[in-house]
Amino acid sequence: MTSIAISSGSFDPITLGHLDIIKRGAKVFDEVYVVVLNNSSKKPFFSVEERLDLIREATKDIPNVKVDSHSGLLVEYAKMRNANAILRGLRAVSDFEYEMQITSMNRKLDENIETFFIMTNNQYSFLSSSIVKEVARYGGSVVDLVPPVVERALKEKFQTPLK
């Protein structure tokens, strides 16, 4: 049986922290779908298509990663892909509390889906897409925070010179 996992998020934009979780998940599972979810509570900076393109470029060297988007429930997407696992990265205890609520709801919706938590690498424990955008907005260097394709996209969006 093929083991298929879903790594979902808004990825607005994808960071090196996200990429670390995806790479580590790809070592454990046969296939990993990186799925951009349309979060109605967030106003995206990059369009869904832009985010998909950025993720595709950032993950192009990971052969068992596929990139997609979805606007419904994650468990429905997982069923559609015959996935048996959801991957979630944890930066801190505060992440766990939120993720536990989501995991409980997903389990209520589909008891066959397991959630796997991966602790983020310490060097990314402070990192979030929001922080990256804030740093880039004011011309700060994000070179150690995001893949090169994302750095270029941020500079273009904010029209700031590369540092």
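Note that Cβ sites are derived from N, Cα and C of the backbone, with glycine treated the same way.
What Swiss-Prot says about this protein:
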{"type": "BINDING", "residues": "S10, F11, H18, G89, L90, R91, E99, Y124, S125, F126, L127, S128, S129, S130", "note": "ATP binding site"}
{"type": "BINDING", "residues": "S10, K42, L74, R88", "note": "substrate binding site"}
{"type": "SITE", "residues": "H18", "note": "site 'Transition state stabilizer'"}
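A Cα-Cα distance of 18 Å separates L90 (ATP binding site) from L74 (substrate binding site). The binding-site residues listed here are H18, K42, R88; among them, H18 has the most other Cβ atoms within 10 Å of its own Cβ. For L127 (ATP binding site), the Cβ neighbour count at a 10 Å cut-off comes to 20, with all displayed protein chains included. Cβ-based crowding with a 10 Å cutoff singles out S129 as the top-ranked of the binding-site residues S10, S125, S129.
Spatially, by CA atoms, the binding-site residues S10, E99, L127, S129 include one closest to K42 (substrate binding site), and that is S10. The least crowded of the binding-site residues L74, L90, judged by other CB atoms within 10 A of its own CB, is L90. Within 10 Å of the C-beta of E99 (ATP binding site) we count 16 further C-beta atoms, all protein chains included.
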